[in-house]
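As structure tokens, the structure follows; a few thoughts come after it.
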Amino acid sequence: MATDGLHENETLASLKSEAESLKGKLEEERAKLHDVELHQVAERVEALGQFVMKTRRTLKGHGNKVLCMDWCKDKRRIVSSSQDGKVIVWDSFTTNKEHAVTMPCTWVMACAYAPSGCAIACGGLDNKCSVYPLTFDKNENMAAKKKSVAMHTNYLSACSFTNSDMQILTASGDGTCALWDVESGQLLQSFHGHGADVLCLDLAPSETGNTFVSGGCDKKAMVWDMRSGQCVQAFETHESDVNSVRYYPSGDAFASGSDDATCRLYDLRADREVAIYSKESIIFGASSVDFSLSGRLLFAGYNDYTINVWDVLKGSRVSILFGHENRVSTLRVSPDGTAFCSGSWDHTLREKGLVALISFSTPVESHHHGTKQRRGHWVSLEHGSAEHIARCYARSQV
């Protein structure tokens, strides 16, 4: 028996060595294709001006740390979850609470809106994903219609509906992700590959929605095929936990935020990391990331209470936002791109509108002195998308 155990250990060591060798060869092949940096390719692209984000509304009602939030596709309603065990549905226009659910546990770390806007999902330390239907009757007992869809062996860290209300993806501290049927609660597919807690996931922005990306405490970001349950790409360049992942709007890349104080951009076609967003002055971890509607801006919430806005192409920071009084735990851009909402350990959510100061690079003639000088122009995005910035800039050149 001892001999058999020795042979098994030798075989395992041999397989690990072979795997490391193959990883090294793969990195060499990737390096051969890495002929230029993203910021070098974007040198001729016009730089963005400094951005100013105006706080529109502050949502108050949670009694403890806000841990997660999500937008409804109607661009108006928001669902949030908190350490106080409550899940609240908000009207972001009026700041009124439309629904509130008290969960059987504290630390409700995940919540999501269904694509139809008729249901929400949530979960946390109860190891479950619960789905609640939403109705116009605010006095109706939502708990009576609750469906317990998913059951993990450790806490639920993230959840997301697929392109319909009928299926939901979950991530857990048990190191797995899973796809579930909402109606029956049946496990449709499980995803194994992370070596530690899975902290986040995001579904690819496509009509078919056959892939998703996850990140975890093993410092990895992994792309999965939902049909086969297999990992199709893996990236291991972070130096600490991957707290957040978000697909680029085209679906060809994704961004990640980590406790190593960096955000990174991975191109799925190039099969490699193509940009790092960091500064020496940033020493706290990035907790949440999201793209503007056009993909030109990357919003990142940090544990130092700030939100940094990065120019995705240039790799430079174009704005830093203050306002929260504790770490920013969650952040999402609205479906129409006109605003984003952030949640914090200060018990609040804050909705900010996008306003940009666009600096013209072309000298223009002053009407007062006949001299040429540079001029700026304020563009409000209250009624337009973030990608409107580039179009405004192009039309405003004189």
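The backbone N, Cα and C atoms fix where each Cβ goes, and this holds for glycine too.
As written in TrEMBL, here are the features:
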type	residues	note
COILED	9-39	coiled coil
REPEAT	59-91	repeat 'WD'
REPEAT	149-190	repeat 'WD'
REPEAT	191-234	repeat 'WD'
REPEAT	235-276	repeat 'WD'
REPEAT	288-320	repeat 'WD'
REPEAT	321-350	repeat 'WD'
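Per-stretch counts of Cβ pairs under 8 Å to the repeat 'WD' (235-276) identify 288-320 as the leading one among 59-91, 149-190, 288-320, 321-350.
Outside the repeat 'WD' (321-350), and at least 6 residues removed from its termini, the chain residues within Cβ reach (under 8 Å) are 53, 55-60, 62-71, 73, 75, 78, 80, 82, 90, 92, 284, 287-294, 299-309, 381-387.
Long-range contacts of the repeat 'WD' (149-190) within its own chain (CB-CB distance under 8 A, at least 6 residues past either end) are made by residues 68, 107, 109-116, 118-119, 121-131, 196-203, 207-209, 212, 214, 216, 224, 226-227, 229.
Residues 38-39, 41-42, 45, 47-53, 243-250, 255-257, 261, 263, 265, 275-277, 279, 282, 326-333, 336-337, 340, 342, 344, 346, 354, 385-387, 389-390 of the same chain lie 6+ residues outside the repeat 'WD' (288-320) yet bring a C-beta within less than 8 angstroms of a C-beta in it. The helix, strand and coil residue counts that DSSP assigns across the repeat 'WD' (191-234) are 0 helix, 23 strand, 21 coil.
Confidence for the repeat 'WD' (149-190), expressed as mean pLDDT, is 95.
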